[in-house]
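Below: one structure, written as structure tokens.
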Amino acid sequence: MSYTVIYAGTFDPMTNGHLDIIERASELFGQVIVAVAKNPSKQPLFSFEERTALVRQSCAHLANVQAVGFSGLLADFAKQHQAKALVRGIRGSDDIEYEIQLAQLNDKLSGRLDTVFLPPSVTWRYLSSTMVREIYRHQGDVAQFVPNAVLCALKEKE
């Protein structure tokens, strides 16, 4: 049986850590929807449309992955797409309590929505979008941390 799962985030910017989780999820599940959150409470480096396009470009090599922008409740989005589960990357103990609360809330809101936690590969365990933005803002080289599409988009912003 083939399952649809959702990997959601703001992806501002998408990192190689995100891509690692997506690639591994694509091997485990029939379809992976990368849900790019609009999140109006944040001041993003990239617009909603840019983030969605960059995720789409970064995942183009994965036939069973699609990028979709969304706003509103993730539980509602999951229902609309008949997803069986959410995939969440979990870097360490700092993430666990928050992620478990989020998983329980999404399950309650949807009626039944499991969450699958995937630890990142050791190479990317320390990496976050926040760190990439900080390196970028201080004119550091982020090439090793982001997919090529994101790197090109960052260079265009300079």
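Glycine residues also receive a Cβ, built from the backbone N, Cα and C atoms like all the rest.
Swiss-Prot names Thr10, Phe11, Gly89, Ile90, Arg91, Glu99, Trp124, Arg125, Tyr126, Leu127, Ser128, Ser129, Thr130 for binding ATP. Of His18, His81, the residue it gives for the same site is His18. Note: Leu74 (substrate binding site) has non-local neighbours Ile6, Ala8, Ala35, Ala37, Leu86, Asn106, i.e. same-chain residues 6+ apart with C-beta under 8 A of its own C-beta. It is 15 Å from the Cα atom of Leu127 (ATP binding site) to that of Arg88 (substrate binding site). Among the binding-site residues listed (Thr10, Lys42, Arg88), Thr10 has its Cα nearest to the Cα of Ser129 (ATP binding site). Within the set Thr10, Lys42, Leu74, Arg88 that the record links to substrate, no two Cα atoms are more than 20 Å apart, and one pair reaches that distance. Of the recorded residues, Ile90 (ATP binding site) and Thr10 (substrate binding site) place their C-alpha atoms 15 Å from one another.
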